[in-house]
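Data first, discussion second: the structure below is written as structure tokens.
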Amino acid sequence: MKLGFPNLGLDEQNPDYKELERMEQEEVAERPKWDNKFQYLLTCIGFAVGLGNVWRFPYLCQIYGGGAFLIPYLIALVFEGLPLLYLELAIGQRLRMGSIGVWNSISPLLGGVGISSMLVSFLVGMFYNTILAWVLWYFFHSFQNPLPWSTCPVNENQTGYNRECEKSTPVNYFWYRETLNITPDIEASGCLQWWMVVCLATAWSVVFICFIRGIASMGKAVYVTATFPYLVLTIFLVQALTLPGATDGLTYLFTPDWEILKNPQVWLDAATQIFFSLSVAFGGLIAFSSYNAERNDCERDAILVGVINSATSLYASIPIFSILGFKATNGFNACRQENILTLTNHFEFSDQNITLENYDHWFQFLNHRNPDVVSNLSLRDCVLKTFLDQSASGTGLAFIVFTEAVLEMPGSQIWAILFFVMLFSLGLSSMFGNIEGILTPISDLKLIPKWIPNELVTGIICSICFLLALIFAQGSGNYWVEVFNSYVGSVPLLIIAFFEIIGVIYVHGMKNFSEDIYFMTGRRPNIFWKACWMVISPLMLLVVLVAYVVVQAQTYPTYHTWNPDYDQFPKTEVKSYPDWVFAIIVLLCVVPVVSIPLVALYKLIRSRTTSSTQVELNPYWNEGFEVEVRSVLTSS
């Protein structure tokens with residue numbers, strides 16, 4: 001099936017067939033190539049496997065019924081994630097262009113899709129590298145003994161500990177005050193934190209160095225950045241499984257709660273998680289596959305990358321929740337130790353009479369004989385599940401929960417260093433895809449003169465991103481990171497992906513796309529892929545998009561603030577976004593995708609001003625070649 005979108009006219013005379021063939025050969029000869037297939041796969045896997053695999057997927061499993069969450073997750077992977085991944089890898093490999101070039105080649109009306117992908121990659125790259133700056137800050141401090149988030153600092157008068165730290169915890173204080181120096185709300189910007197500016201500059205410098213020679217240097221870097229996290233996860237896995245309470249954490253994580261599958265929010269979060277986890281619609285995967293040889297099995301690549309990405313999420317969940325189980329067990333035992341001390345002092349028992357092993361027996365005995373006395377002792381309610389329920393995701397998991405757990409592990413410095421190096425490697429691999437999603441379209445559009453070296457272009461892009469990202473180095477920076485993270489990478493990506501699949505299947509045509517795949521792989525797509533591309537995947541994307549917008553529109557957006565003057569401190573205070581911030585949120589959702597209708601409208605208006613006899617040559621359409629050949633023969 002194919003929609004009859006017209007080719008829109010060009011202002012200049014089209015070149016003849018031989019000239020086009022010569023230009024295409026020159027482009028193929030000039031385009032960089034991967035050193036080997038393994039390098040390409042590592043880059044795609046590194047882009048897909050990011051921080052969300054470590055700190056988002058386990059959290060969703062925990063709050064949505066453990067193993068039961070895997071059912072909607074795997075369904076979304078098979079019918080939404082893999083088809084979109086396959087489509088992007090195939091179309092990039094066939095056309096050998098970045099996102100803008102690909103969609104312009106399919107139809108000029110779709111040129112705005114590529115621009116949208118580039119804008120999203122630019123905006124996401126800005127805040128994503130800020131997280132790497134935070135990781136660097138923690139990494140540099142992980143060499144201290146003891147770790148700086150293990151104790152509270154003394155106050156200014158040197159007469160005791162800092163009051164804000166005492167009211168919360170040393171871990172919270174180090175994150176919110178020492179790292180972020182956070183303001184009470186988003187309206188109070190605060191000044192630039194010089195240590196964050198240095199870390200941010202360092203993070204962007206690392207990205208620039210890795211990208212200084214394009215895929216030639218980046219391809220070497222991924223050998224480390226894409227493989228090192230698996231080594232660290234394996235080391236953590238071996239250590240974590242030996243910790244007390246590890247089995248409690250794993251049991252809690254994977255015990256299925258089938259009733260929760262009746263909640264539509266579970267299915268929505270599963271669909272969005274697999275979609276964002278695979279990093280489709282950013283344009284990075286299209287750019288990476290464009291450096292492949294035309295005859296390459298992109299179907300196998302898509303399945304391999306998609307399966308490894310999801311398997312990594314599962315694999316990361318095991319050490320993460322083994323360690324969180326260990327942390328919960330320590331908290332549970334500390335709670336009971338307080339009760340033991342209270343009971344021992346009140347009933348004047350000898351020390352070691354009541355222990356953790358016989359605490360339950362003693363409590364039942366004393367409560368049975370002296371119920372009124374025991375009830376008046378204000379004993380804490382110690383339930384292991386309560387401590388396991390203290391879930392966290394994102395920065396809360398990485399910089400608060402996990403750093404607190406590391407303190408209780410033997411050799412805490414080593415584990416902290418390994419953990420933050422792993423996070424930096426995961427984030428850096430994902431940054432490669434974001435930057436490639438910006439640089440490749442710029443290169444393909446030939447916006448930069450050839451005499452300007454690529455190294456300078458990369459440096460300019462990284463410098464611009466660094467300067468704009470200084471907003472995240474202010475006291476309110478964490479609040480802005482949350483805004484960008486919640487809204488830039490949500491609705492815009494869903495809209496882009498929907499237009500991508502419509503453009504390939506219904507504009508370019510399923511038949512033509514099948515022939516392209518046959519040319520590249522030697523076989524045509526089977527009925528499963530066709531069914532997903534034509535019906536299932538676009539329908540799922542549309543449902544997820546509508547449901548996501550409806551869910552977000554039901555409540556006014558809020559955020560959590562760290563305010564020492566809050567009467568319930570150290571609990572975070574929930575506030576509504578100011579109107580001007582809400583306006584920015586709307587812009588962040590709309591601006592990246594507004595180019596899609598604007599470019600289509602511009603092309604349609606422009607086509608009316610051109611002669612009806614002019615035909616735009618689309619080198620990707622056979623009909624375009626036939627029209628040009630006929631016009632050349634007629635003129636001769």
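Keep in mind that glycine also has a Cβ here, set from the backbone N, Cα and C atoms.
According to TrEMBL, the protein has these features:
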BINDING   Gly46, Ala48, Asn53, Ser277, Asn309, Leu426, Ser430  Na(+) 1 binding site
BINDING   Val49  Na(+) 2 binding site
TRANSMEM  40-57  transmembrane segment
TRANSMEM  63-87  transmembrane segment
TRANSMEM  108-140  transmembrane segment
TRANSMEM  194-216  transmembrane segment
TRANSMEM  228-246  transmembrane segment
TRANSMEM  266-291  transmembrane segment
TRANSMEM  303-324  transmembrane segment
TRANSMEM  414-435  transmembrane segment
TRANSMEM  456-475  transmembrane segment
TRANSMEM  487-507  transmembrane segment
TRANSMEM  527-551  transmembrane segment
TRANSMEM  580-602  transmembrane segment
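Across the candidate stretches 40-57, 303-324, 580-602, the maximum count of CB pairs under 8 A to the transmembrane segment (63-87) is reached by 303-324. Here Ala48 (Na(+) 1 binding site) comes close to Ser277, Leu278, Ser279, Leu285, Val305, Gly306, Ile308, Asn309: these same-chain residues lie at least six apart in sequence, with C-beta atoms under 8 angstroms from its C-beta. The list of residues near the transmembrane segment (527-551) in space but at least 6 beyond its ends in sequence, with Cβ under 8 angstroms from a Cβ of it, reads 1, 76, 79-80, 82-84, 86-87, 264-265, 268, 271-272, 275, 299, 490-491, 494-495, 497-498, 501-502, 504-505, 510, 513-514. Looking at Val49 (Na(+) 2 binding site) and Leu426 (Na(+) 1 binding site), their Cα atoms lie 7 Å from each other. Here the listed stretches are 40-57, 108-140, 194-216, 266-291, and the one with the most C-beta pairs under 8 angstroms to the transmembrane segment (580-602) is 108-140.
In this chain, the transmembrane segment (40-57) lies close to the transmembrane segment (414-435): three or more C-beta pairs between them fall below 8 angstroms, excluding pairs fewer than 6 positions apart. Per-stretch counts of Cβ pairs under 8 Å to the transmembrane segment (108-140) identify 414-435 as the leading one among 228-246, 303-324, 414-435, 456-475. Sequence-distant contacts of the transmembrane segment (414-435) (same chain, at least 6 residues past either end, Cβ-Cβ under 8 Å): 43, 46-47, 49-51, 53-54, 121-122, 124-125, 128-129, 131-132, 135-136, 138-139, 142-143, 147, 206-207, 210-211, 218, 221-222, 224-226, 228-229, 232-233, 235-236, 239, 279, 282, 284-285, 288, 398, 402-403, 406, 458, 461-462.
Around Ser277 (Na(+) 1 binding site), a 10 Å sphere centred on its CB holds 24 further CB atoms from the protein chains shown. Candidate binding-site residues: Asn53, Leu426, Ser430. Fewest other C-beta atoms within 10 angstroms, Asn53.
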